[in-house]
Amino acid sequence: ENREGGTRTPSALETPAQGQQDWTATEVMRTKTFWLIAVTSLVSVTAGSGIQFNMVPYFQENANLSTPQGAGVLSVSTFLSLASLGWGALADKITPRRCIIAAMIGATAATMFLLTVSNLATAYAFGIVWGLVSAGSDILIYMVLAQYFGRNSYGTISGILRPFEAGGLGLGMTLGTLSYDLTRTYKWLILGSIAAHGVAAVLVFLAKPPAEPRRASL
């Protein structure tokens, strides 16, 4: 139990102290932390959307799955987006930033496993793990924003972040398809996704809570 004068929980260590004034959008955009979070979002969404968009054709080519079988794996993976509820609860215990790091490491491992998928059973194993680890990224990113910068300008800050997500979504699908068209293999897409998830983990690790902004006293 966390009591006054006792050991603070990991979540408390990254949560602004009670009574701390909320940041303005301008102050947020001046911090390195915000841009690390934004680039994390861009990189992770790019990596994830490339895999998600090309999952069914990859299974058809590399695991000899039929279109309905591949679609079944994709459906299970998508359904497991409900795991975001669990990620949210876990983030309340160990902080959203640490959860994102764990999710990125898990996504890296899952994508490495994708290289070994060769039948329906291993395809479903990948789909389940992928669905679980990729489910929480969106909600966790926004939890970090609220935790670090407060809620006074949360709508504006979230709006600034959205283009990074949308850009990553389009970029991942485009690069994944282009990579296959140029090389006739999904290997480079997968290797790129592995590297991108690793980079995202490092970026969010560096996104420590920023120092409180200095404001002139009235």
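Using the three backbone atoms N, Cα and C, a Cβ is placed for every residue, glycine included.
For 1-22, the entry in TrEMBL reads region 'Disordered'.
What TrEMBL records for 8-22 is compositional bias 'Polar residues'.
Here the transmembrane segment (33-51) has Cβ contacts under 8 Å with residues 100, 104, 107, 111, 114, 130, 134, 137, 141, 144-145, 148-149, 157, 160-161, 164-165, 167-173, 175-176, 189-190, 192-193, 196-197, 199-200, 203-204, 206-210 of the same chain, all six or more residues outside its ends. The transmembrane segment annotation in TrEMBL covers 33-51 (among others).
Residues annotated as domain 'Major facilitator superfamily (MFS) profile' in TrEMBL: 33-218.
TrEMBL lists 71-90 (among others) with the feature transmembrane segment. Proximity of distant same-chain residues to the transmembrane segment (71-90), defined by a Cβ-Cβ separation under 8 Å and at least 6 residues beyond the stretch ends, is recorded for 52, 55-56, 59, 65, 99, 103, 120, 123-124, 126-128, 130-132, 134-136, 138-140, 143.
If you look up TrEMBL, you'll see 99-117 (among others) marked as transmembrane segment. Remote same-chain residues near the transmembrane segment (99-117) are listed as 40, 44, 47-48, 51, 58-59, 62-63, 87, 90-91, 123, 125-126, 129-130, 132-134, 136-137, 140-141, 144, 187, 190, 193-194, 197-198, 200-201, 204-205 (criterion: CB distance under 8 Å, separation of at least six residues from the stretch ends).
Sequence-distant contacts of the transmembrane segment (123-148), counting only residues of its own chain at least 6 positions beyond either end whose CB sits under 8 Å from a CB of the stretch, comprise 14-16, 33-34, 37, 40-41, 44-45, 48, 51-52, 55, 59, 63, 65, 69-70, 73-74, 76-84, 86-88, 91, 95-97, 99-100, 103, 106-107, 109-111, 113-114, 117, 154, 157-158, 161, 165, 204, 207, 209-210. Among the features that TrEMBL reports, transmembrane segment is placed at 123-148 (among others).
For 160-180 (among others), the entry in TrEMBL reads transmembrane segment.
Summarising the annotation, TrEMBL assigns transmembrane segment to 186-207 (among others).
Below 8 angstroms of C-beta separation, residues 25, 29, 37-39, 41-54, 57, 138, 141-142, 145, 186, 188-189, 192 of the same chain, each at least six residues beyond the ends of the transmembrane segment (160-180), sit close to that stretch.
Computed over the domain 'Major facilitator superfamily (MFS) profile' (33-218), the whole-number mean pLDDT of the model equals 93.
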